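What follows is a single structure, written as structure tokens, with notes after it.
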Amino acid sequence: MARPDDEEGTAVANGHPPANGYLPVPGEAPAGKVSAETQNGPTAGCLALSGVSRDSPKATASGTPDGPKTPLAPEEETQARLLPKDPGEETPGGEGTLVPRIALSPRRFAVLLTFSAYSLVNAFQWIQYSIISNVFEGFYNVSSVHIDWLSMVYMLAYVPLIFPATWLLDTRGLRLTALLGSGLNCLGAWIKCGSVQQHLFWVTMLGQCLCSVAQVFILGLPSHIASVWFGPKEVSTACATAVLGNQLGTAVGFLLPPVLVPSTQNNTQLLARNISTMFYGTSAVATLLFILTVIAFKEKPQYPPSQAQAVLQDSPPGEYSYVKSIRNLFKNIPFVLLLISYGIMTGAFYSVSTLLNQMILTHYEGEEVNAGRIGLTLVLAGMVGSILCGLWLDYTKTYKHTTLTVYILSFVGMVIFTFTLNLGHIIVVFVTGGLLGFFMTGYLPLGFEFAVEITYPESEGTSSGLLNAAAQIFGILFTLAQGKLTLAYGPRTGNIFLCVWMFVGVILTALIKSDLKRHNINKGITNGDIKAIPVDSPTDQESKTILMSKQSESAI
């Protein structure tokens, strides 16, 4: 058994726990946070979580059971939450240090692909009306505003339902949330099959409302699935792949409806048959994916895939408070800035996607099919951007710089798209649309992953849910405002409106302070420069440890 002074950085002997509120720190620590006792003393190298020296009068008073407790700073509270609070817990050191069981489950790919597939179908149902809005206006004898609401209901439903949905994810888990998302998506698709008559617009709206509720249980899952199932070297790519399914659904929604339901206003029966074919095909695919969700989805793998997950899974369940988590997120200034800037970017994307058909047909009459192909180009380019950004993040971990760069390039792409839309050459719109989509759609997984990093150890589902809620709010406001500006003054004015807001988003993104908390926890594993504090894991009931690196301690 190694003695306390056998290894560099082992400050506490085996079987002797650190005092409450202290974490053994190897080497040097910031001035004012390390006790002034002698090097060989029992408290040498201890980091005071209260921010004072252990031998100071204040520390002595706060360390006693009856003494007043010193409130922790936010970053110290975060660190304290990751440490065991039982004074009887063992702290092994040096040789014989217990290492947590970290493993990657092969099932993670089935979970990811199944989720991406039913997210695809949900996104397809979101955009399938808007891209052929003129066709549905004629079939149901309604105005363009009614058709726009078939898209905006997705955004409207998300805002009030996001809080119960994220609460359900945090308290009841991933599997139930996934089943609700896939099941409601399937049910909404089947209801729309009964709306293929000209007087049944309310039925198709009912089905779309159910699909919009399903979306609430879908959009917040990519970062959660990536964190719970994937290792630190693949988590950003996994998140990008999960978001990719939704983007691919939007792409298919731009491509297939103009092909399956061409404009045949003079033949209502043929039009109804084409719409019915699209609805029944969607329902069949949604049903198959619901069955696969029942089979493939599990709550979590047997062993955590990363040290950051091991820390969270080993935390006592009673410590988690959903309300406190929400409060902590809104007290996190970098997250609030990201919340607003993400909402602006994604809301602008939603608005452009919803109104793309109207913008294209204003300058290129009769080009419904090409409008769909331009939308497809926009999203496919964005899918490539998402994957490349995910790979880049996994390789470099430069979250702030990558997010800001992509945001600036999205703004530039929007400006170019705005002032080249009316040149009269539709091939130019294909190119500028692809450029815009590459950066604007590629930004979506960056926002998710950046939020998880700066808010760890708060729930990924909660932070992602709030980001999506902001996106829906901005999406509704932007769609309504841009739609009115487009009808009154033309597409250029509406697009300039978005450009101004995206410039504001660039400024807000530049102000975000980058503090990669999750990465700092995982970094302790790769560097091997770690300290160990054992806890009992609820995952496999084996004794595991929480490992903290010197870099993590100084960062927190």
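Including glycine, each Cβ sits where the backbone N, Cα and C put it.
Residues or ranges marked as region 'Disordered' in TrEMBL: 1-99. Residues or ranges marked as transmembrane segment by TrEMBL: 109-129, 149-169, 199-223, 277-297, 333-352, 372-392, 404-421, 427-452, 464-481, 493-512. The feature domain 'Major facilitator superfamily (MFS) profile' is assigned by TrEMBL to 111-517.
When Cβ distances are compared across the two stretches, the transmembrane segment (149-169) makes contact with the transmembrane segment (464-481), since 3 or more pairs at least 6 residues apart fall below 8 angstroms.
By the Cβ criterion (distance under 8 Å, sequence gap of 6 or more), the transmembrane segment (277-297) is not counted as touching the transmembrane segment (493-512), fewer than 3 such pairs being found. When Cβ distances are compared across the two stretches, the transmembrane segment (404-421) makes no contact with the transmembrane segment (464-481), since fewer than 3 pairs at least 6 residues apart fall below 8 angstroms.
Among the stretches 109-129, 333-352, 464-481, 493-512, the one making the largest number of Cβ pairs under 8 Å with the transmembrane segment (427-452) is 333-352. Under 8 Å from some Cβ of the transmembrane segment (464-481) lie the Cβ atoms of residues 148, 151-152, 154-156, 158-159, 162-163, 165-166, 169, 219-224, 326, 329, 338-340, 342-344, 346-348, 350-351, 354-355, 447-448, 451-452, 494, 497-498, 501, all in the same chain and six or more residues away from its ends.
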